[in-house]
Ligand SMILES: O=C(O)c1ccc(O)c(O)c1
Ligand SMILES: [Mg+2]
């Protein structure tokens, strides 16, 4: 597998053909599929594109798509063969040997496999004369040929050495096709393989395919099983990504190409085929670091939550606040947000992150940049405490035991990438994507957790305009307590600015969940929110914003509750907004 070639279709990336090729090359792809529209709009001649790709170290593995060719009346066949000859000539200039032919969607096509095979045979003859090959792909919305089984029957019937299949995971998995039967196809008849994932959406399959595909591991299809079936046939060609996605189409292609390559690395690892440093065991969060520009009194809020200053960084204006196992760094330069995990082997964690194309950071400790530029530190136990001059402030406490999770607001364009990044680099498990209607628009959220490390990723679903207050939603840290009600009381006594929750919320809790009246009264009195799932219960409350961007949450997990109280997030957001506007 180390020698397995990787490719990416130019349609995955934003920009002109030159932008796309530069991005694919710098992310380390071996080859590209050139999408016809990218070539048509380019000022480079086909021979010029060939030279440009060679300079970039890219092979051109496929030219595509050629549409509506087969099973048509004779006069149309003549026109289609003529059209095909021009494209085969173009491919000779491009220096590529394989063209993708999509199954027909034309109203002129007829439902006749014999005729389709005959026509594809004629096309394969033209290709063979030039030493080229035809890869026939069944589109999920093909007029008559819409499964790979049917395209395979036609290819078998045509029985031409220059005619084979293109298998595209989307067309197979979107419509519930059984990929296991791929194993019955001889590998040498599979001429090309295109990989795409997608979220499960109940919608027209063409729209789904053209707008919502994702890179492997970012959606809900089982690309590991699919690719396993393909490789079992002895297929020797490249693993190529073909992802039509509205966000990727407008995002920086250099970032998208790295994301794409990371998805292939993760896929290979899931197949046991990649030589990557294994993810070391994690032991929860070591610390979280908040950017607190001068004038934002994060310290005052932390003191109210029962934290004390436990140290001062030896060289930087960074304070260490602690309460039992919860450690927060407050960075007065206001420069960065960082998360730090406690790793069994920080060096290996960093090597793995770099193998997964994370940007290493020179921070004196093992650290890399995540896609949203959050800094990710790998600590070994309490080794990092050596960077701090201890400050033996007296220990008050309000019941916090550690960091439960860190919520990271993601730039819209980086949401899918971030989930794949944290999953592959840290070995976190991803929860399904959830969406909720917040006061200022839809929010998409996804949690990633493993071995005591929990992150939630959020993004506004639609770019926001002037009205919405929080284009950059605040980041927040959630602390764990064994008793949320007791912690809330203790924190109020310490002067913590806890967020007030409206009475309507508690009336609804009462209606929906028939809670014990005593518990409900306590929740209401302390502005503690409540949720439950099939595993347990969740009590949580928030502070007001400390400055523009930072607030804290305190959570109590009872039983095996697995969630994050997402259903309550709109209540929190409205309350923060209310506070900001009315000073209440
Ligand atoms: O959406 C399409 O038309 C289209 C074209 C070429 C492909 O390889 C494909 O999977 C889809
Ligand atoms: Mg395809």
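Cβ atoms are placed via backbone N, Cα and C, with glycine included.
Annotations in TrEMBL come from automatic prediction, not curation.
Quick look at what TrEMBL annotates:
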- 137, 168, 194, 242: divalent metal cation binding site (BINDING)
- 405, 476, 553: Mg(2+) binding site (BINDING)
- 402-544: domain 'VOC' (DOMAIN)
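This view paints the features noted in TrEMBL onto the structure.
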residue	record	Cβ neighbours (10 Å)
137	divalent metal cation binding site	24
168	divalent metal cation binding site	25
194	divalent metal cation binding site	24
242	divalent metal cation binding site	28
405	Mg(2+) binding site	23
476	Mg(2+) binding site	22
553	Mg(2+) binding site	20
Response to the item:
Checking the binding-site residues 194, 242, 405, 553 against ligand 2, those whose Cβ falls under 6 Å of one of its atoms come out as 194, 242
Practice prompt. Go ahead and report the DSSP secondary structure tallies for the domain 'VOC' (402-544): helix first, then strand, then coil.
Written response: 46 helix, 53 strand, 44 coil
Worksheet item: In angstrom units, rounded to an integer, how far apart are the Cα atoms of residue 553 (Mg(2+) binding site) and residue 242 (divalent metal cation binding site)?
Response: 41
Fill in: Rounded Cα-Cα span from residue 476 (Mg(2+) binding site) to residue 168 (divalent metal cation binding site), Å
41
Worksheet item: In the same chain, which residues outside the set 405, 476, 553 have their CB within 8 A of the centroid of the CB atoms that define the Mg(2+) site?
Response: 404, 406, 407, 456, 477, 478, 479, 552, 555
Discussion item. Quick check for the class: what is the C-alpha distance, in angstrom and rounded, between residue 137 (divalent metal cation binding site) and residue 405 (Mg(2+) binding site)?
Written reply: 45
Worksheet entry | Secondary structure of residue 553 (Mg(2+) binding site) (DSSP, helix/strand/coil) | strand
Worksheet item: What does DSSP say about residue 194 (divalent metal cation binding site): helix, strand or coil?
Response: strand
Worksheet item: Of 168, 405, 476, 553, listed as binding-site residues, which ones have a Cβ less than 6 Å away from ligand 1?
Response: 168
Practice prompt. Rounded to the nearest Å, what's the C-alpha distance separating residue 405 (Mg(2+) binding site) and residue 242 (divalent metal cation binding site)? Just drop the number here, would you?
Written response: 35
Fill in: residue 476 (Mg(2+) binding site) versus residue 194 (divalent metal cation binding site) - Cα distance in angstrom
39
Fill in: 8 Å Cβ shell about 137, 168, 194, 242 centroid, divalent metal cation site members excluded
9, 100, 166, 167, 169, 170, 171, 192, 193, 196, 240
Discussion item. Return only the integer: C-alpha distance in Å from residue 242 (divalent metal cation binding site) to residue 476 (Mg(2+) binding site).
Written reply: 36
